[in-house]
């Protein structure tokens, strides 16, 4: 059986992010005819070769860490008024302090991300999880604004990996056609924890005072640290050229003369002929192509979980300085790329609206005309918590399904812009949620209108965030430097194409934290509702425009991206 690519398809595959993920020329059908991207190695320790159960144990570890990182600050959302009374801080100072958290998270991520590449992701996750206990156990000592900001900055050190490192770790163990659902679980953990923690913190405050919810959050962080120490595995793996049952020759790929060398994902789209011989597959590479065919789902061998390894060693790179300065340089250089700027804006939008949802809940429901107690305010977070299921979990699965469906319609070729068509969902839902959350309190409507508005906007937010993360990842993950070893190559393990837009997004979110109170409370809920609805339409609707211009921007920016990562 033979598979040959047309000239048009070859040209399409020269655009970073465009790849073949389905090969209908094999005898396999259904889910077995997926071309594995990135290409796994023959090493049983390769995270891509883990069994599905082993991979999902790792996902559980990531969820534990993410929820621990959000527990400390999240426990305060429904008791902002009480925190203000007991510490003497104003609501504006508390909200501004939360903004400092997002800003310094990104400052410290410029250190934690290259450190994870240098010494491995496992020690970073375990040490930071243990350090997360500091904020909740020391909060009772805060009595001034300077102490509040200082504690926030300390907490930001240990929460700094939350917006990038888990995504990178998950991409190390899942293939292209199955990544969106684990990404959705990760986003669900971030948003879900911000909503589940306030549910119990209100009741704990009523029963035990301010220390109740914070000490409970600290205990959860300590438990998560022990859990990770026992069950978390290292995913920082140097993947060599694949050597599976088809005996791919490493020399063939090493001799490639292609000027723009993408990583092993690019090698999945090839001119290789797959020839059936005596019931077995033998792979022969076309002389005109330096690429090799990737294995398929039907011949992929997996490795089961070996059991707890608490003292597992992580690989250590000697190129720490080269990794560090290149991480800093690349993150700022990439702001020239329109795609990453767009992803930054969408990430910032989702984070800002998440912050507003949390800030408005206590400020609106705890005052006239609703006058809810802190524990009842906490119960209202059940609404966005339930919305997190279709907004992130189901959205991840739908995104994978949609990607595969579009690829089958396009002859097995997947484009990053395929996922952008799902932007129509948050474009419709976001303004509806904003109007319900603002106009409901303005006209004195029943509190259920505000709570349902939270539900609607929380469906839209995680989905928009997932779309932006996937787009940045799909567009640039496949581009690698010419030097396939050393600091240039290792920096790309840190996903600078994700860190760069996240850094800008959290900076925008920090700046906007100063505007939450004057925008929503001072200007009035009616003005806030209308303007927030208009902004949300513009932000989420821009994804539909990127469907038109996205591929052209990917192609025009590929040369600049390659130039930067080869410095």
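Placed from the backbone N, Cα and C atoms, the Cβ positions cover glycine too.
Just so you know, TrEMBL annotations are computer predictions that nobody has curated.
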Of 304-327, 376-399, the range TrEMBL labels transmembrane segment: 376-399
Of 183-203, 246-266, the range TrEMBL labels transmembrane segment: 183-203
Correct range for transmembrane segment (source TrEMBL, candidates 215-232, 269-286): 215-232
Tertiary contacts of the transmembrane segment (527-549) (same chain, 6+ residues out, Cβ under 8 Å): 339, 342, 345-346, 349, 353, 356, 417, 420-421, 423-424, 426-427, 430-432, 434-435, 437-439, 442, 460, 464, 467, 471, 519-520
Touch test for the transmembrane segment (183-203) and the transmembrane segment (124-142), at least 3 Cβ pairs under 8 Å: no
Touch test for the transmembrane segment (100-117) and the transmembrane segment (420-439), at least 3 Cβ pairs under 8 Å: no
The transmembrane segment (215-232) touching the transmembrane segment (445-473) per 3+ Cβ pairs under 8 Å rule: no
Interface present between the transmembrane segment (148-171) and the transmembrane segment (333-356) (three or more C-beta pairs under 8 A): no
